[in-house]
Amino acid sequence: MPSYIRDHRKRLRERFMTGGAAALPDYELLELVLFRSIPRQDVKPLARLLLDTFGDFNRVLTAPVERLAEVKGVGEAVITDLKILEASAHRMARARVMQRQVISSWDALLDYCHTTMAHRETEQFRVFYLDRKNVLIADEEQARGTVDHVPVYPREVAKRALELNASALILVHNHPSGDPTPSQSDIDMTARIRSACEALGLTLHDHLIIGKSVELSFRAEGYL
């Protein structure tokens, strides 16, 4: 490895350890990740290329494997390390909300939703199942869809609640466009799930739509 690359890596690591992530712009933080994947090359051009391609650090981590593989210079090692980092972030955020009362950890729940869903390029539909004390007992992905639609089956959602011995649930899905405004199909689907829940004595607390940097609550906006 050329000495200038070795010295640059050393300085960057020292800045990170001294000032934390806040001391580094996105491309330098991404460089730190790439140091492990590509141990003997200058990774700054690749870091900048990834950011130019996907937009920001979060979108690089959450980019589909197929799209990452299309970027020149990205191999299996890079993809693996990026996806390990993404999975770690998801797991940390999830740990803050599982087996906890939703009301007391609402901000953490929203953070988890944004971490796992805000930067997806296609729609994903999740259900949070709660017990009688409103403790989150299960977080399950029900369906994945296209850029503007995800198929959801109300009876399956309600049936799964009974299997888990849940008493209430919260629906969550993302809008890849970044705008969390509900479509008419979102409203209609929520109404069908609410009816299925009521028929079984279940409570639908809310339906959250996750945008790029903001969420919409059906309950707060009067849709429920």
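Placed from the backbone N, Cα and C atoms, the Cβ positions cover glycine too.
Annotated Zn(2+) binding in Swiss-Prot involves His173, His175 plus, out of the candidates Asp186, Asp188, the residue Asp186. Within its own chain, the motif 'JAMM motif' (173-186) is flanked in space by residues 117-118, 120-126, 147-150, 207-216, 218, 223, which lie at least six positions past its ends and keep a Cβ under 8 Å from the stretch. Between the binding-site residues His173, His175, the minimum number of other C-beta atoms within 10 Å of a residue's C-beta occurs at His175.
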